[in-house]
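> This is the structure I want to talk about, given as structure tokens.
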């Protein structure tokens, strides 16, 4: 089975991706992993991508699409795949349609882990990091024993700038602007499966599982 996975920062997408990959026995493929792997191996596509990454530039669509096509053509994708981080735009979604046509596959579904902005801000803004050892805590989900102090080394805990509410809102705004048209694209194709990501992790997983079973 072939799926694409969407979810904003803080939605628990990584947890569900791990479950889905194991449940379906298919590889979890993220664009970040593909880029890192090709750069590490020094492939022709990887070297091209590295030339952009070294300059701090975005890897252009045509190169990213070639990398995706190459990865989806690998033997471990014969039984299916879980694609994460692609497509992010309508042209990329259309390119994915063409790739799948070329390899005689089709998407079974597009899973969107949906969480409201208020809950996402609560989840993301609660993170605290130790200045000394880098240990990570969360004021709600994994609080330190003593306020503002690291359990491991006693170092001071602080909130990173990108975990502050204004920065989080900006990240979420960018995510919504970027992905909403793509979600609409898949909704029109009757492929979109919205999952309530505000429930407990086990409940979200159960809902994802139920959605997959309906398609099997």
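A Cβ is built for glycine as well, from the same backbone N, Cα and C atoms used for every other residue.
For 10, 11, 12, 13, 14, 15, 127, 136, 137, 199, the entry in Swiss-Prot reads ATP binding site, with the evidence type sequence analysis. The AMP binding site annotation in Swiss-Prot covers 31, 36, 57, 58, 59, 85, 86, 87, 88, 92, 160, 171. Among the features that Swiss-Prot reports, Zn(2+) binding site is placed at 130, 133, 150, 153, with the record citing sequence analysis. Taken from Swiss-Prot, the feature region 'NMP' covers 30-59. Among the features that Swiss-Prot reports, region 'LID' is placed at 126-163, with the record citing sequence analysis.
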> For each of 150, 160, count the other CB atoms within 10 A of its CB; which of these binding-site residues has the top count?
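In terms of Cβ crowding, the pick is 150.
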> Here are some binding-site residues: 130, 153. Which one has the most Cβ atoms within 10 Å of its Cβ?
130
> Report the DSSP secondary-structure composition of the region 'LID' (126-163) as helix, strand and coil residue counts.
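The counts are 3 helix, 12 strand, 23 coil.
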> Compare the C-alpha of residue 14 (ATP binding site) with the C-alpha of each of the binding-site residues 57, 86, 88, 133, 153, and give the closest one.
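Closest by Cα distance to residue 14 (ATP binding site) among the binding-site residues 57, 86, 88, 133, 153: 86.
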> Show me the subset of 10, 12, 59, 88, 137 whose Cα is within 10 Å of residue 150 (Zn(2+) binding site); these are the binding-site residues I mean.
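Those close enough are 137.
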> For residue 86 (AMP binding site) and residue 133 (Zn(2+) binding site), determine the Cα separation and express it in whole Å.
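So the Cα of residue 133 (Zn(2+) binding site) lies 34 Å away from that of residue 86 (AMP binding site).
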> Using a 10 Å radius around each Cβ and counting other Cβ atoms from all shown chains, which of the binding-site residues 86, 137 yields the largest count?
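Checking each of 86, 137, the winner is 86.
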> Three-state secondary structure of residue 14 (ATP binding site) from DSSP?
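Going by the DSSP assignment, residue 14 (ATP binding site) falls within a helical segment, counted as helix.
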> Is residue 57 (AMP binding site) helix, strand or coil when read with DSSP?
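Reduced to three states, the DSSP call for residue 57 (AMP binding site) is coil.
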> Of 31, 57, 59, which is closest to residue 127 (ATP binding site) if I measure between C-alpha atoms? They're all binding-site residues.
31
> Please report the distance from the Cα of residue 137 (ATP binding site) to the Cα of residue 57 (AMP binding site), rounded to the nearest angstrom.
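So the Cα of residue 57 (AMP binding site) lies 32 Å away from that of residue 137 (ATP binding site).
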